[in-house]
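J.: Attaching a single structure in C-alpha cells format; questions to follow.
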C-alpha cells in the first residue's frame with residue numbers, strides 16, 4: 001500500500017466472498033453503519049440481514065452519487081436480468097466475472113467547492129450541484145484518497161479558493177486523479193499497491209499568465225514537495241493543469257499544460273503498454289478491463305483483419321494486433337486528442353507485430369459501411385448511449401449490401417475509385433498509418449463477426465434486439481464484467497455472427513432429403 005495521508009481501515013478481510021450464481025440478495029433493505037455491526041444489533045427478527053463479506057460499509061454512502069447499493073458487491077441484481085435476457089436470445093452460458101471490490105477505481109474526476117478553509121472535494125449529490133466530500137471513498141484506489149487529502153491540505157495552507165458556480169469566481173474547479181500501475185517489473189499485487197497518481201488541476205483561468213497563476217504555481221510546488229519525487233512519500237506521478245473558464249458543465253477546457261513529473265502516463269493492459277494523455281478516455285477499473293481484453297482476444301482468429309470503431313486511443317485494436325497477429329487493424333475515433341496516445345502506444349508494441357495498423361479521426365455515424373470494407377471482425381465500444389442509429393441500420397442490411405457488391409460491375413477495389421466524399425478525405429488527412437506493409441482490401445466483403453463491448457445495459461438491449469430482428473445477425477456468446485462494484489452497472493462483451501447457424505442449415509437440408517426419399 002503506498003504512503004497514505006488518510007487513515008483507512010484495510011478492506012482485505014471483506015474480499016473473500018463467493019460470486020456463485022445463486023448468491024443471496026437483500027430481501028429487506030437495511031442500512032448498515034460504516035463499521036461492522038455488533039452481534040447485539042437490534043433488528044426485527046423477520047428481517048434478513050445480508051452477508052457483510054461483500055458489503056460496501058462506506059461512511060459516504062447515500063451522501064454522494066457514486067455508489068447505489070451496499071450489499072452483494074460481487075453480484076449486482078442486474079446480473080440476474082442479464083442472464084435471463086441472454087437466455088431468451090439463445091445464450092444459456094452467460095458468465096459474470098468480478099475482480100477487486102474495494103479500491104478498484106483508478107481514475108476519478110472530482111468537483112472542488114466550499115471554501116479555502118473548508119474545501120469539499122468529491123461528487124455531486126444526486127440531482128443537485130451540492131458537492132459531497134468523500135475523503136475516504138471505498139471505491140477509490142488508496143493513492144487517490146491520499147492525493148485528495150494532500151490537495152485539501154494545500155488548499156487550506158495556500159488559501160486557494162474553490163470554484164463558485166453561481167458567481168463564476170474562485171481558482172480550482174475540478175481535479176482529475178489517475179493511477180498508473182504500469183511497473184511490470186513487480187508482481188501484479190505489488191504494482192497495484194505501488195501505483196502513482198497523475199493529478200490534473202482544472203484551473204479557473206484562460207492560461208498560465210492569468211492573475212491567479214502565482215497561486216497555481218504555489219499549489220503545484222506544494223503537491224510535488226510533499227508527494228512527488230522530491231519527497232520521502234513519493235506517490236504522485238505527475239501534475240498537469242487544464243485551463244477552463246466556461247460557465248457550462250463541461251469539465252475540461254482545450255488548453256493543457258504539463259507542469260511537473262513524468263510527461264508520459266503508461267499502463268499495461270491486454271498484454272501491451274498503453275499511453276494515456278490526461279485528455280484521453282481511460283477505463284476506471286484497470287484490472288477488470290484487462291480481464292475483458294484477454295477474454296475478447298479469444299474470439300478473434302489469428303491473422304484476421306479488424307476494424308475498431310469508437311476506438312479512443314486504439315487500445316482494443318492494438319492489443320488484438322499484438323495478441324492475434326492480425327493482418328490489419330483500423331481504429332476509428334472522433335476525438336482527435338487520442339491521436340498522440342495512439343502513436344505513443346504503437347511505439348511500444350512488440351517488434352514481432354507486423355500488422356498494417358492505422359488510426360483515423362472520423363465520425364463513424366456518417367456512412368459507417370465505408371470503414372468496414374474488407375474486414376473480418378468488427379469491434380465496437382460505444383459510449384453509454386449505444387451505437388449510432390446509422391451504424392445499426394448499416395449492420396442490419398450488411399448482408400444484402402455484400403450480395404449486391406459481389407454481383408455488381410461497380411465492385412472495383414477502393415484504390416481504383418476516385419474518392420470525393422469530404423468526410424472520408426478529411427479522415428484520410430488526419431489518419432496515421434503504421435508499418436510499411438499494406439494489404440489490399442476486398443471491396444465486396446464485410447465483417448462476419450461483430451464484438452460489442454457495452455457500458456450501457458439499456459442501450460445494449462435495444463441495439464441487440466435491432467441486430468437480431470431481421471436475422472442478419474445471431475448472438476453467439478455473452479460475458480459480463482463487474483467494472484463498477486457498488487452500482488447496478490455492468491460491462492458486457494457480446495459476440496455476434498452473421499447469418500444463420502450452420503447446425504440449423506444442416507438440419508433443414510436433412511429434412512428435405514428425407515421427404516424426397518418418401519416420394
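Glycine residues also receive a Cβ, built from the backbone N, Cα and C atoms like all the rest.
As annotated in TrEMBL:
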| type | residues | note |
| --- | --- | --- |
| ACT_SITE | 455 | active site, nucleophile |
| BINDING | 283, 310, 333, 381 | S-adenosyl-L-methionine binding site |
J.: I need the CA-to-CA distance for residue 381 (S-adenosyl-L-methionine binding site) versus the residue listed as 'active site, nucleophile', whole Å please.
T.: 8
J.: Going by Cα-Cα distance, pick out whichever of the binding-site residues 283, 310, 333 is nearest to the residue listed as 'active site, nucleophile'.
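T.: Closest by Cα: 283.
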J.: To see if you understand the setup: which same-chain residues, six or more apart in sequence, place their Cβ under 8 Å from that of residue 333 (S-adenosyl-L-methionine binding site)?
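T.: In sequence order, the residues whose Cβ lies under 8 Å from that of residue 333 (S-adenosyl-L-methionine binding site) (at least 6 apart) are 310, 311, 312, 313, 314, 359, 360, 361, 362.
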J.: Which residues in the same chain, at least 6 apart in sequence, have a Cβ under 8 Å from the Cβ of residue 283 (S-adenosyl-L-methionine binding site)?
T.: 107, 269, 289, 483
J.: Rounding to the nearest whole angstrom, report the longest C-alpha distance spanning 283, 310, 333, 381, listed for S-adenosyl-L-methionine.
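T.: About 16 Å separates the two most distant Cα atoms.
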J.: Taking the Cβ of residue 455 (active site, nucleophile) as the centre, count every other Cβ atom within 10 Å, in any protein chain shown.
T.: 19
J.: Around residue 310 (S-adenosyl-L-methionine binding site), how many other C-beta atoms are within 10 angstroms of its C-beta?
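T.: So the number of other Cβ atoms within 10 Å of residue 310 (S-adenosyl-L-methionine binding site) is 21.
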J.: Give me the count of other Cβ atoms within 10 A of the Cβ belonging to residue 381 (S-adenosyl-L-methionine binding site).
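T.: The answer is 23.
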J.: What other residues of this chain sit with their CB within 8 A of the center of the CB atoms of 283, 310, 333, 381, the recorded S-adenosyl-L-methionine site?
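T.: Going along the sequence, the neighbours appear as 281, 308, 311, 312, 315, 316, 382, 453.
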